[in-house]
Structure formats: structure tokens, C-alpha cells
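Some features that TrEMBL has for this protein:
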- A:His77, A:Asp88, A:His185: Zn(2+) 1 binding site (BINDING)
- A:Asp88, A:Glu123, A:His379: Zn(2+) 2 binding site (BINDING)
2 protein chains.
Amino acid sequence: MPTINAGRLLSDLRRFAQFGAYKTGVHRPTYSREDMDSRRWLAQQYEAVGLQAHIDGVGNVFGMPRSGRRSLLIGSHAESQDYAGWLDGALGVIYGLEIARTFAETLGCAGLPIAPVAWADEEGHYVSMLGSRSFVGDIDEAEIDRAVNVDDGLPLRDALREAGLAGVPRSLVEPKRHVGYLEAHIEQGDALEASGNRIGVVTSIVGIWQYSIVFYGIQNHAGTTRMGIRKDAGVAAATLAMAIAKRFPEVAGPCSVWTTGRISLEPGAPSVIPGKAEMLFQFRDSKMPVLERLDAVLRELVKETAMKTDCRAEIEQTETGKPCHMDPAFQDAIENAAARHIPNAYVRMPSGAGHDAQVVARRLRSAMLFIPSIGGISHHWTENTDDADLVLGCQVLTDAAEAILRGEGNT
Amino acid sequence: MPTINAGRLLSDLRRFAQFGAYKTGVHRPTYSREDMDSRRWLAQQYEAVGLQAHIDGVGNVFGMPRSGRRSLLIGSHAESQDYAGWLDGALGVIYGLEIARTFAETLGCAGLPIAPVAWADEEGHYVSMLGSRSFVGDIDEAEIDRAVNVDDGLPLRDALREAGLAGVPRSLVEPKRHVGYLEAHIEQGDALEASGNRIGVVTSIVGIWQYSIVFYGIQNHAGTTRMGIRKDAGVAAATLAMAIAKRFPEVAGPCSVWTTGRISLEPGAPSVIPGKAEMLFQFRDSKMPVLERLDAVLRELVKETAMKTDCRAEIEQTETGKPCHMDPAFQDAIENAAARHIPNAYVRMPSGAGHDAQVVARRLRSAMLFIPSIGGISHHWTENTDDADLVLGCQVLTDAAEAILRGEGNT
């Protein structure tokens, strides 16, 4: 059995967190100097394991076995959210590297083809899941031409040129070259911690349905307009938010989540009755019938709110991701490995967050493993995981990778 | 009896609306070129009536009778809100000019001392009611040093220098020189129109109490954080808004109004549970006990909401204007004049909007007259009033001014 080098794993995770270090976390936006430095460092490490490394035209880093045999891709994304945690993405990337090294060093495993990968811009500084979408052929040059940085508006093309990637070809998946894809990630929630589990075997990645809901009232003077004749778009938005809070628990699934991330009132002045209110609302579930039910209830509540508040309403669905189911045999491989190490401390669970695995799964058999997030904290520089869990997760994924590759006829 | 020249009044109102004309309204921010042009034009008109005109150090334009006798100030503010209506402020300013002219031309009235005035920045491009506050001695140089333009941050000092007002002294009220102050204004609401009245005799100007209310929840991932453990600051804000909508009507006065003008959720991203929510909330009433009752209920609701949503709350009162009562004898003078012209179409009413009169009233006997706003529309370029009402309002104010001055012993 291949056994990882726990000290090396932890040391590499900490080395990787030096790229863009911020407090106890990292600030490593896609294509920043720190991000590109980290990708070049990864390519060097892949080469040192004897792999053929390259960075493709959107910054994905691949380490391909020189044997050319069908390999198992293992990785995650290398960049971070702004001023965020050290493990989100980096964990799966360094796991891929450590597993490749471990196999290379282990008698009887050196021939098992592991291909570590680090995707670019899963976090969407330019385009959410850009790297994995490029890999599966789900992005064209025109979309890349149009894309800009969400914070400062820098065109993606300019960022790619500054990163030295102009003219570099984008690597496209060749399904025959790969057995599949494994991704490890911190849970980013507290379900594992709260239930005393140390490994989550991801069954599916939730579908995210997102909406822009706009209410139109009548903008007017907040001092001279009698309450009785007001059409206050802000009151309409609050009314809808409360209707959702009351009704959704009755129709949601046990793992459904829903969030109003933004409310904007126009003109937003203290003495003006808002004439327009915009809400960004989303819900997530791993089951299509639940998503469809929540959609129907939401539309009904928007209509009711518009009637009740006498404000015209518009609802536009801006995202309709389908739930993505992980490969059953790969799930079993991860579960079997977990069961050997921690018989009573693993659980099958859906992922509430989106991940590159849901994109790669369109073309390759894919699965994911979660390890606990302390306090459920993520997307924040205080994000962390116990060292013992960091090590355990990597060993479980290593065992699963071995089982998958041997199952494929590798010896 | 002095009779105004209706054609001249309407023509001057339209001439004044040429300064910064925008669609059917005006864009004439304080100290803009258009605003200063309009003030210099006013000074010329005052001089042409035989008055001693000057523009003081904050842009107030005064036309003082050369006789030096105790005069009745009549006016309003000359600047406009951004891209707003042609009558807000301008109406009262041109009424002051027309009344001064009418008195000068009318046998037996030429000796009645009218002092037209145009205040600066009632609309608060820099400091709300700057001109009238400066006149009553309620602003010091340090506040002027600190003030900046609310839109572009230009220091008030720079704006004053560019307007040619650096080093020009600010005129301070000398109570013995003035009988009092009259201001005409469009209603900016629909109470007159809805009740079929053409003149409003203002009894008081409401107090505005304003609050910044902040809820602190826990910012977290909108996909991985179970509903059961969330502390969503946005939900807290919506909960408070609905609690206010339910409870305030039970405790408010018949003319109370309340408005949530802004809700800001942080970080405001679709996939992040808001960790902080800020609301700008205000209410207005003309009675102190009502204001105090609403304040107490608001604080109670904020506390209840914090408990219910498990989000910490902070409430800060940012404005505590006392209601301001208009001079009873001046009110009678306006009412008597209205009763002669339109026996069944005038009404006593509070003002829901703030006006320079509430500032001037601290040092001089003051009163206000309202004329209808078509559709109650104001702070918008479509703001308008029937010509017949524009003329009627000026004649009523003229008659009231004559009565007030003759009552003071002028003949």
C-alpha cells in the first residue's frame, strides 16, 4: 500500500501558502504574480516527480505521466478568493502532487499513472471555473475575449498576456487518455465537524439556481408623500425576503439552502422613497425536483408580493446549474478507503459548494472527498483544518486512487 | 391692494428655469456656474427694483430696502436638486422678487419694506440649509472648512473660491432689522391636490429623526452553511423592515411618515451570507410626543429583531430635528388672504419636508405657504404646478405680506 509522507505534505501545503501569504491565509487572485509564481513552482515539482509538466493557455498546470498510459487526474484549483483561506483549492492541488510522489516512490505503484492538475480561476476572478471549463471544451475564444476582472475590469486577454500566456494553446480533454478525476477539498461547512466525521464522500454537487428579482415602486419624497399612497420598492423587497423565510422551510429539502446576498434600493438616499429594489437571490439543492419546486414557490411569492405591495415585479433566472452526481464506483473507492482508516467517522454527503469536479464530470468519471473545516469557516483568512485531518484525507485519497487504477487493470 | 403682474411672474419663473435647464426641469447644483449666474441675475433684478443687493460669503442673495426700515424677508433657495424640478426653491425666490416689484409699483405700498432673499444650498449639495443656517449664526468656519460636496467630494472652500466668494463676509441676521420671514414653496406631496385645495397654510415643519441601524451576523459560504446555523444579517434587516411596517401604523400619528431609504448588505455577493447589514431609516412628525413614541418603538423593534435573528444590532440616531411651529399671527395673515381669494379651497397643514423657514424661525417670526404639486411629484424633472396656482399663491402671499407690514405700523 502506498503511504504518503505526512511531514512533506504539511510542509508543501505551508510552502504553497507562502505564495500571496495574508495573515494566516492567502491573497492569490488568478493570474496575479503570486498565482503565476505558484503555478510555475507546481510545474517544477511535477517535473521533479518525473512527470511532463506544462501550463496551458488559461493557466491550468498539468503533470502528465511520460508513459502516456491512461492516467487518473487528481487536483483542484490553485488560486484563492481575495484575502481568503490557505486550503480552499490548494489542498486538492497539493494532494495531487503528494499522491504522484508517493506512487513514484512506492514499490509496485510507480507504474500507476497519476496526473496532478491545478485548474485556473475556479474562484471566478474573471470566469468561474474557467480552467476546468476550458479543459472540457465548454468555453470559446469569444467568451475569453469578452471576460473582464470582476473587481477592476481588466480584460482577461490582458491578464493572460501579462501572465505570459498569450498564444499558449489551451489543453483539451482527451477522454481516452484519462481514467477519471479525483478532487479533495475542505468541506467549507460544519456538517463533518458537527457530526464528528473526518471524511465526507461527496455524492453530488448541488445545483445553484440564481435570480435577479426587481421591484418597481414609485420614487418620491420621503417627507411629503403620505403613507397611504406610497409604492415603496424597498418594502416590497423586505416583504419578499420574509415570505421566503416563512415559506421555503415548508417546501425545501433537508439539505436545501437559500440566500439573499444583495439588496439594492434606488436611489438609496435617506429622504427618498425607493422607486426600485433589486435582490440577488439563490438556492441550492442536489435534487432536481426540489430545485424545481423551490423555483415554482419563489415565482409564486414574487407574484404575491407584487400584488400585496402594488409594486411591479420582474424575476430573471441568472444561473440554473443542474445537480451533478459523482461516479458511483469512485465514491465506493473513497468510502472503502475511509472505512479502513476510520470505520465510524466518514459519511456520504452532497456538496453545497460548486467545484471543478462538476465541470470535469461532464467528460470524465469524477468524484470528490471532503475533510472538515474548523468551525465551518471558509472564504475567510481564518479558514483552517486540523493537521491530522489534512494527513488523513490525503492518505484516504491515495488509497482510493490506487484502488481505482488497479481496478482499471493497472498492476 | 397690491396686485401682482401675473404675466411677469410666470415669465420670470420660466426665465429662472433657463439657468441649468434640463428637460422640463433644471439641474442647478449649489455654486455651479448656472447657480452663480442665477444668483447674479437675481441681484440685478433686486437692484432694478431699487433695492440694495448683495451676495454674501455663502452665496445668499439679499435685496435690502434702501430706507433701512424694518423689512419683511420673502424668499426661498435658488439652487435645485440634481436633475430635478423647476419650482422647488425657485418658486419662493421669484415670489419674493415679484412681491418686491409689486409693492414698489403700487400706490400706497411703495414704502412697505420687502426684502427678497435667495438662500444657498438648502438642498445640501454641501451642507443642508447652509445659507439660512449661516444667516442665523448656526454654522462656524470650522464646519465650512470640513464640508465637502456629497457627490464628488470637492471641498466647500474650493467651491466657494471658484464661485468668487472667498473672503466675502457672511451676512448675519439682525433681528431688529426684520419683521419676519415668509416662504412660499410647492407642497411636494399630493395632499392639496387630493383634497381639492389650492393653498396650504403651513402650521409646522415636521421633525426628522434619522437612524443608521446595523446588524452583525456571521459572513459565511452560501452553499455549505446549513440553514440551521446561519446568522444572516440581511434576514435581520428584512425582519426589522417588516416589523416596522406592521407596528408603526399602530403607534404613529395621522401625518407620520417613515422610510427605509437604503439597505446595504456586506459583502453583497450572491454566494455569501451577509455578515453585516446597514439600514438608513427615518421618520417624521410635527409633534414631539409622537416622535418620541416612534423612537421608543423603533429601539424596541431593533432589540426584538436582534434577539429573534441572533444578530447583534447597533442603532445610532443621526438626525434629531425638532418640529418647528410657524408664527400664529403670520399663519392667520396667510389664511385671511387665502380666504378672500378662495374661501373653500385652502387648508392648514404641516410640512412633511424640511425648509429654510424652520431655520430662520429660530431668530425671526416665520411662516410658509404651499401651492399644489401636480401628482404630488417633486425632486424629479417632471415636477410641475398649474399656472393658475402659481399666480394665486403669489397674490395670496402678497396680500399676507401687506397685512403683516401694515400690522407692524407701516402705512
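Cβ coordinates come from backbone N, Cα and C, glycine included.
Features as recorded by TrEMBL, highlighted on the structure.
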| residue | record | DSSP class |
| --- | --- | --- |
| A:His77 | Zn(2+) 1 binding site | strand |
| A:Asp88 | Zn(2+) 1 binding site | coil |
| A:Glu123 | Zn(2+) 2 binding site | coil |
| A:His185 | Zn(2+) 1 binding site | strand |
| A:His379 | Zn(2+) 2 binding site | coil |
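With an 8 Å limit on C-beta distances, none of the binding-site residues from A:His77, A:Asp88, A:His185 reaches chain B. Other residues of the same chain near the Zn(2+) 2 site, with their Cβ within 8 Å of the Cβ centroid of A:Asp88, A:Glu123, A:His379, are A:Ser80, A:Gln81, A:Ala84, A:Gly85, A:Gly89, A:Gln188, A:Ser378. Each residue contributes its Cα atom, and for A:His185 (Zn(2+) 1 binding site) and A:His379 (Zn(2+) 2 binding site) those atoms are 13 Å apart. For A:Asp88 (Zn(2+) 1 binding site), the same-chain residues lying six or more positions away in sequence with a CB closer than 8 A to its CB are A:Ser80, A:Gln81, A:His185, A:Ile186, A:Gln188, A:Ser378, A:His379, A:Glu383. A:Glu123 (Zn(2+) 2 binding site) has a Cβ environment of 22 other Cβ atoms inside 10 Å.
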